[in-house]
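Lifted from TrEMBL, the feature list:
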DOMAIN    B:1-95  domain 'FAD-binding FR-type'
BINDING   B:V62, B:F63, B:Q64  FAD binding site
BINDING   B:C223, B:C226, B:C238  [2Fe-2S] cluster binding site
Amino acid sequence: MPLKLERTPMREQDPVQRRRNFDEVALGYSPDEAIREAQRCIQCKHPFCVEGCPVHVQIPQFIKLITEGRFEDAAQKIKETNNLPAVCGRVCPQEEQCEARCVLNRKGQSVAIGRLERFAADYQMKKGIPDPERPIKIGKKVAVIGSGPAGLTAAADLAKLGYDVTVFESFHELGGVLVYGIPEFRLPKALVKQEIEFLKRLGVKFVTNVIVGNTLTIDDLFDDGYQAVFIGTGAGLPKFMDIPGESLNGVYSANEYLTRVNLMKAYLFPKADTPIKKAHKVAVVGGGNVAMDAARCALRLDADEVHIVYRRSEAEMPARAEEVHHAKEEGIIFDLLTNPIRIIGENGRVTGMECIKMELGEPDASGRRRPVPVKGSEFIMEVDAVIMALGTTPNPLIAATTHGLEIQPWGGIIADEATGATSRPGVYAGGDAVTGAATVILAMGAGKKAAAAIHEYLEGKK
Amino acid sequence: MYKILQKEKLAPSVYIMKVEAPLVARKAQPGQFIILRVYDMGERIPLTIADYDRDKGTITIVFQEVGKTTKLLAALEEGQYIQDFAGPLGKPSEFDGLKTVLAIGGGVGAAPLYPQVRRMHEMGIDVDVILGAKSKDYLILTEEIKPFCRNMYIATDDGSVGYHGFVSDVLKKLVEEDGQTYDRVIAIGPLIMMKVVSGMTKQYNIPTIVSMNPIMMDGTGMCGACRVKVGDEVKHACVDGPDFDGHLVDFDEAMRRQAFYRDEEGLALHTLEEGGQCQCH
Ligand SMILES: Cc1cc2nc3c(=O)[nH]c(=O)nc-3n(C[C@H](O)[C@H](O)[C@H](O)COP(=O)(O)OP(=O)(O)OC[C@H]3O[C@@H](n4cnc5c(N)ncnc54)[C@H](O)[C@@H]3O)c2cc1C
Ligand SMILES: Cc1cc2nc3c(=O)[nH]c(=O)nc-3n(C[C@H](O)[C@H](O)[C@H](O)COP(=O)(O)OP(=O)(O)OC[C@H]3O[C@@H](n4cnc5c(N)ncnc54)[C@H](O)[C@@H]3O)c2cc1C
Ligand code: SF4
Ligand code: SF4
Ligand code: FES
Ligand SMILES: [Mg+2]
């Protein structure tokens, strides 16, 4: 078979159209396209791609199944190591993980592993995911706190081992950042729902509206007969810049903006009851995935102009390359090497933002060149909404109400990297709650390790 | 889903509901609140816990119909269900070391005051209470609160009962004419009332706690919508409050922030009324 160098492109909604709707941007492969792309994989004996995947998905194996047209088997193969392939195929930073290590990356373009993963998972979902084998119950209860990717993964693995697993979630909806943060046009919520349905079929119980730390504590959980607890509560606390004018109406944290839009469906207002203010000119401060998502949501809410304001240059931007590309295609304006110093308002509402130009100096602690202000380069941007996407930290609620749980000075829960074990026996933690804001797949990996460690711990306690 | 066990009208547009929520009832303390969502397209709104019964697993809320969500809530009857009901949220009120307290409630502010007055009574604190309302018909919970306070004063805007005037006039009379002294004033009601009361007690040098009611969403510290300026600090009312030092709160900013969605709230209410019946069942 001739080696095809060209990566099979994936169809996308036209930027002109999609910038005004919340439908999914990337449309996925057809079976023919998937087979064509799968055939590009040369089935390495020592597949580096697998090393690049934090959960070691058996990449050549599942891709081979796709070349044979065995799409559902391919999905099952992925699921041996990754419970949420439809999600990861869409949002993993593949270009830094599996695809970065693919041998074809040198010759031209890597195999589109993420797209193939997505294809197999979507195909299986459309056919209907087969009922899982109901594990034999071993009569031990484990509590999982938080229903993001870390919690869902831990819950699934523990349920498969026969534990009675209950997931406690503070929101009214399950899925963590997958439902409240990442927008519909990048990750349709129906998909997340289906994945959660699957966990329900596995026997996992879900209780929403429970804020652990308030509604009940970890000690209460042990009193109620849970023998181990996994904390997967994410990093949900927003940061602000601490500059004048941040309390003006029209200044949002990205968390607030995205939660209003995604979780509360403010884009359907007034059909959905949660309001969002229509803005004409929006500035989003930050350069990560969160900033891209907020900017693209603002555009879809009919803003005339949306700016990304970032103090470093494009090379330092932490957002996925693909999402930066999508944002540009849709007409988002990038004001790089620019930093806000003050927000200006009239009658309590934002009317502008004063910024200063930056230039790159010496590398800082993060190894990236430190941006330094250019004297006298201040200017005023006229805007009527400012969204702060500056990163998040873990919520102190659980740490403050759990005896003997050690945390980092910045709020992260201290947990063993290999097992997720915390300073408190029987309490494990993983995902953003431990690492600070990271990625879906790392959170899932942490959930997986912790599930295995919890199993070992409870086996030992027999 | 959370069952409505009892519902009663307390005053025009003001309702009291007892809701089955055993997990919330297990931990509820005076000063805390819940966040509810009436139906699946609903918004999340905060309401104070007006009472709780740990044994029966119930939470009591008192609310005033002011917009779409509270109207939808008021349209629910006994035996029906509220979609989501999460809590208890916020910090419990603290009363340690107090001997005499003046508690002031304006309008539905009487509801959050009730469990606080009761708790202070249990702790042996002497509590005087001022309740204010538009008129006689709008006064709520007077009989419920009475057994737990030393003196009760009533003020109505129209003079239909009690003192003809504002709660702040009664406060002035108590302190300036009657020479009453208090370790603390607790004021719960509309922002403007809390602002006026705090302004006065600052002059009298009486420490004052107000209960802030900014726009909220999650209620767990993750959105920042509820930020309130207290002295030099920016606080999140849902986790750091809702109680704050009334002498430090920036009320003018709080009033501006509370009004941010006025247009949208009007539109939501309008669509509800145009649509006639609520569309949630
Ligand atoms: C806008 C945005 C875009 C992103 N884009 C990408 C991307 O493209 N690719 C990628 O890989 N990563 C992306 N990320 C990062 C990724 O989503 C997170 O790293 C990942 O979701 C972390 O998973 P988690 O399970 O640790 O926590 P979360 O997903 O944050 O889930 C935590 C859950 O715990 C609940 N919770 C919190 N406190 C409590 C409590 N006290 N009691 C009960 N429940 C509680 C929360 O409500 C939440 O549901 C993005 C993040 C954001 C915000
Ligand atoms: C901690 C706290 C405790 C409260 N306790 C009570 C109570 O015990 N009884 C009671 O009647 N009211 C209480 N409120 C106010 C109550 O939340 C609002 O009246 C309610 O949200 C109005 O919703 P609506 O859709 O009916 O009205 P809308 O027309 O949408 O809004 C009317 C006004 O209510 C406020 N409001 C709107 N949305 C929110 C929101 N998401 N969060 C907070 N305020 C909002 C705004 O000032 C708005 O202008 C409390 C508020 C807070 C923050
Ligand atoms: S889970 Fe993510 S990193 Fe692993 S193979 Fe799939 S897309 Fe690549
Ligand atoms: S490294 Fe690339 S070519 Fe080799 S097995 Fe992995 S995906 Fe296939
Ligand atoms: S309501 Fe979101 S932070 Fe307080
Ligand atoms: Mg409303």
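Here the Cβ of each residue, glycine as well, is placed from N, Cα and C on the backbone.
Note that the structure is predicted; figures quoted are calculated from it, not measured.
There are 27 other CB atoms within 10 A of the CB of B:C223 ([2Fe-2S] cluster binding site), with all protein chains counted. A separation of roughly 18 Å, to the nearest angstrom, links the Cα atoms of B:C238 ([2Fe-2S] cluster binding site) and B:F63 (FAD binding site). Across all of the domain 'FAD-binding FR-type' (B:1-95), the predicted model scores a mean pLDDT of 95. All protein chains shown were included, and the count of other CB atoms within 10 Å of the CB of B:F63 (FAD binding site) stands at 22. Proximity to chain A (Cβ-Cβ under 8 A) holds for none of the binding-site residues B:V62, B:F63, B:C226, B:C238. With respect to their backbone Cα atoms, B:C226 ([2Fe-2S] cluster binding site) and B:Q64 (FAD binding site) stand 20 Å from each other. B:F63, B:Q64 are the binding-site residues among B:F63, B:Q64, B:C223, B:C226, B:C238 whose C-beta comes within less than 6 Å of an atom of ligand 2, given in sequence order. Excluding B:C223, B:C226, B:C238 themselves, the residues of that chain whose CB lies within 8 A of the CB mean position for the [2Fe-2S] cluster site are, in sequence, B:P214, B:M216, B:M217, B:D218, B:G219, B:T220, B:G221, B:M222, B:G224, B:A225, B:R227, B:H236, B:A237, B:V239. All protein chains included, B:V62 (FAD binding site) registers 24 other Cβ atoms within 10 Å of its own Cβ. Each of B:L10, B:V14, B:Y15, B:I16, B:L47, B:I61, B:E65, B:T70, B:V108, B:A111 belongs to the same chain as B:V62, B:F63, B:Q64, is absent from that list, and has a C-beta within 8 angstroms of the C-beta centroid marking the FAD site.
Among the binding-site residues B:V62, B:F63, B:Q64, B:C223, the residues whose Cβ lies under 6 Å from any atom of ligand 5 are, in sequence order, B:C223. Geometry remark: B:Q64 (FAD binding site) versus B:C223 ([2Fe-2S] cluster binding site), CA distance 25 Å. The CA atom of B:C223 ([2Fe-2S] cluster binding site) is located 24 Å away from the CA atom of B:F63 (FAD binding site). When other Cβ atoms within 10 Å of the Cβ of B:C226 ([2Fe-2S] cluster binding site) are tallied across all protein chains shown, the result is 26. In the structure shown, across all protein chains, B:C238 is the one of the binding-site residues B:Q64, B:C238 with the greatest number of other Cβ atoms within 10 Å.
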